[in-house]
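Notes for the one structure printed next.
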Amino acid sequence: MSESKVYPVKAHISNGALLDKAGYEAMYRASVQDPDAFWGEQGKILDWMKPYTRVKNTSYDPGHVSIKWYEDGLLNVSANCLDRHLAQRGDKVAIIWEGDNPAEDRKLTYRELHTEVCKFANVLKAQGVHRGDVVCLYMPMVPEAAIAMLACTRIGAVHSIVFGGFSPEALAGRIIDSGSSIVITADEGLRGGRPVPLKKNVDEALTNPETKVNNVIVLKRTGGNIAWHNHRDIWWHDAVATVSADCPPEAMGAEDPLFILYTSGSTGKPKGVLHTTGGYLVYATLTFKYIFDYHEEDIYWCTADVGWVTGHSYLVYGPLANGATTIMFEGVPNYPATNRMSQVVDKHQVSILYTAPTAIRALMAKGNEAVADTSRSSLRIMGSVGEPINPEAWEWYYRTIGEERCPIVDTWWQTETGGILISPLPGVTDLKPGSATRPFFGVQPALVDNMGEPLEGATEGNLVITDSWPGQMRTVFGDHERFEQTYFSTFPGRYFTGDGARRDEDGYYWITGRVDDVLNVSGHRMGTAEIESALVSHPKIAEAAVVGVPHEIKGQGIYAYVTLIAGEEPSRELHKEVKEWVRKEIGAIATPDVIHWAEGLPKTRSGKIMRRILRKIATGETDSLGDISTLADPGVVDKLIREKSEAA
C-alpha cells in the first residue's frame, strides 16, 4: 500500500461490522453496474405511502441537467423519522440534549418527540403555513430546532435554516431569496457562556423592506430582554399550549422540495441549495447506517450545528430515520473546560463521535488537557467532517481521543451532495491518515485535467462525479441556470465538485482543497466574492481581494487585500472598523484574519485580478510567482511584497 502509514481494520471492529471487504466490493459493483436495481432495493430502507415504480431518471447533458429519483413514490420524512419507530422504539431516547451549561440536559423519547412535532406542525398550520411554503429557522442548538424541522416535513412545508452565527443582513438576504413569510427563532442562544441575540437579529433583518414576514414564533431559551411586536410575534410555549397533538403526515412526492440551505459560491450571492424528499432521505439513511456501522444500542453524537448540512443529514434526518439516539450539543467543545467534549462522551456513553478537524486541532493544541479525568471507553467509531483532516490531527484524534481503538471515518461530501460521497467503512477499509479513501455505493468519482481529459491511475486533478446519486441537490432555488452553470459547465456531462484531489496506487482519494474561489474556514464554506463585496461596500474602500492562507486551527484563514479610496489613509482604527464591518455584513466567521493595505492589485490588461499571485504573496511563496508579464503593471507585485514585509 502507498503512503507511509496504514491502519488495517481491527478484528474487534470487523467481527461485529455490518459489512466486510467482500460485501462492500459486491455492493459497490452492483451499485455502478445497475443503479436502477441497486437503488430500487436500497430505497426500501424507508416506508413509502405509495411505493415507487421508477428509480433513476437523471441527465447531466449540457442544457438538460435534470435529476429525479423515485419520482412516482409518495412518503413523509417525519413519518420515517418518528411514526414508524413508535411500536418498537416508542420509549427509546431519540434526542439527548446537552446544554451549553453542563448542568442542563434533556432527553426526549421517540414518543415524546412525535407528540411535540405533531403539536408544532399544527401551530404552523394555524399560522397559515401550507404545503410548499418556505419556513425560515434561525435557532439555537436546542431540541425545538429539530422539532421545527420535522414539523415542516410533516405538513410538506420547506425549511430554510440560517445558521445562528449569521448577521441580520445575511439573514435578511436569505429570507428574501427564499420568500419566507414566517421565521422561527428564540429570544437568545447560548454559546460558550455568552448569549447570542437571535431575536434582536431577526428584528433587525425584518426592517429590510423587501422581507415579507407576517409571523415570528419565538422560543424562550434564556428569558433575556427582547423587543416584542404584538401584531407579529408569538411565543412558542403559548402557541403549542392550545393545539391538538394529532397531525397526520402529509403524503409527499419523492421530488417535492424538502429544504433549502444557502451556501457560499465563487460568485457573490449565496446559492439556495434545494434538496427533495425521497432520494435525499434514502441517501442520508443509508450512509448513516453503513458509514457509522450503526447498531441499535449505539449512542451517536454529531457536534455540528443544525444550521449546516451536517446537522441536517447526520444530526437529525439520518440518525432518526434509523431509529438512533442522537445527541444535540448547544455548546462548544472547550467550554467551560478544555475536556468538555470528552466529558460529554463519558456522561452520555457516546459510542460514535462525529466532529470537525477545526475542533480536533483546537483540542490538540491543549494536549492531554483535552482528555484529562475522562475515560472515553464507550467510543467505538469516530468521524471527521467539514474539511480535509491533516495527518497530524488525524493521528492525535486516533491516539489521544480514541486510544488507538476506534477507526476514523474521514468523510468527504458537500452541502450539494446531501450526504457522504467518499469515506472509509469501519469493517471494510484499511485507513491512511488524511485520506477519505473510497467512494460510497453508487458514487463514481473521477479526476480530470483542466481541459476535462480523464486522468488514470495514481494522479492528481480536478474531482468530478460522473453520474448521479439519490442525495444530490436538484437545483439552485429559483435559478436552474445557475445550477447548470456552477456545477456542470466547467466539465460538461460531469458534476464538478470544485475540489482538487489526489488518487494513490490503491485507488484512495486524498482531497487537496478547493480549486475555485471558495475558502474553507473552520469547516464552513465562504465565497471570496461574498467577503469582497462586503468589504467594498464600506465607504472608504475602493477595491478588495480575498484569498485563503493556512491557519493552524481553522484550516484556512482569511487574508484580505484592501485598497482605500483616494485621500484615505490606513490606521489602527480603520483596521478595527473594517473587521467589524465584515462581521456585521456576513457574520463573525467571515472576519478577515489579515488586512493588507494595498496601494494597488495585480491585474491583467483586461482588468482581471490575478488571485494566483495574491495567494503566493499571502503565503510568502514569492520566489515562485510564475509569469507576471501579462500584468498591466508588473511593478505592483514588488509593492505588495514590500507592504507585506512592512506590515509584518
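Numbers here mean position along the shown chain, with the first residue as 1.
Backbone N, Cα and C define each Cβ position, glycine as well.
Per Swiss-Prot, the feature CoA binding site maps to ARG191, GLY192, GLY193, ARG194, THR310, ASN334, SER522, ARG583. Residues annotated as ATP binding site in Swiss-Prot, with sequence analysis given as evidence: GLY386, GLU387, PRO388, ASP410, THR411, TRP412, TRP413, GLN414, THR415, ASP499, ARG514, ARG525. Swiss-Prot lists VAL536, HIS538, ILE541 with the feature Mg(2+) binding site, giving sequence analysis as the kind of evidence. The N6-acetyllysine annotation in Swiss-Prot covers LYS608.
Annotated features taken from Swiss-Prot, shown on the structure.
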residue : record              : Cβ contacts under 8 Å, 6 or more apart
ARG191  : CoA binding site    : ASP100, PRO140, GLU330, GLY331, VAL332
GLY193  : CoA binding site    : ASP100, ASN101, TYR335, PRO336
ASN334  : CoA binding site    : ARG340, MET341, ALA362, LEU363, LYS366, ALA370
GLY386  : ATP binding site    : ALA304, THR310, ALA356, PRO357, THR358, ASN520, SER522, GLY523, HIS524
TRP413  : ATP binding site    : VAL385, GLY419, ILE420, LEU421, ILE422, SER423
ARG514  : ATP binding site    : GLY498, ASP499, GLY500, ASN520, GLY548
HIS538  : Mg(2+) binding site : GLU577, VAL578, TRP581
ARG583  : CoA binding site    : SER167, ALA590, THR591
LYS608  : N6-acetyllysine     : none
- All chains considered, the count of other Cβ atoms within 10 Å of the Cβ of THR411 (ATP binding site) is 25
- Item | Cα-nearest neighbour of PRO388 (ATP binding site) within the listed binding-site residues, GLY192, ARG194, VAL536, ILE541 | GLY192
- Task: Please report the number of other Cβ atoms within 10 Å of the Cβ of SER522 (CoA binding site).
- Result: 20
- Item | Cα proximity to THR411 (ATP binding site), best match among binding-site residues GLY192, ARG194, VAL536, ILE541 | GLY192
- Message: Sequence gap of 6 or more, Cβ distance under 8 Å: name the residues on the same chain that satisfy this around GLY192 (CoA binding site), in order along the sequence.
- Response: ASP100, GLY331, VAL332, TYR335
- Note on the structure: Among THR415, VAL536, ILE541, i.e. the binding-site residues, the one with its Cα nearest that of ARG194 (CoA binding site) is THR415
- Nearest-integer angstrom distance between the alpha carbons (Cα) of ILE541 (Mg(2+) binding site) and THR415 (ATP binding site): 32
- Task: Identify which of the binding-site residues VAL536, ILE541 has its Cβ surrounded by the largest number of other Cβ atoms within 10 Å, counting every protein chain shown.
- Result: ILE541
- Task: Based on DSSP, name the secondary structure state of GLY386 (ATP binding site): helix, strand or coil.
- Result: coil
- For the binding-site residues THR310, THR415, which Cβ has the most other Cβ atoms within 10 Å, all shown protein chains included? THR310
- Which of the three DSSP-derived classes (helix, strand, coil) applies to ARG194 (CoA binding site)? strand
- Task: Would you mind pulling the longest C-alpha to C-alpha span across GLY386, GLU387, PRO388, ASP410, THR411, TRP412, TRP413, GLN414, THR415, ASP499, ARG514, ARG525, which the record has binding ATP, in angstrom?
- Result: 18
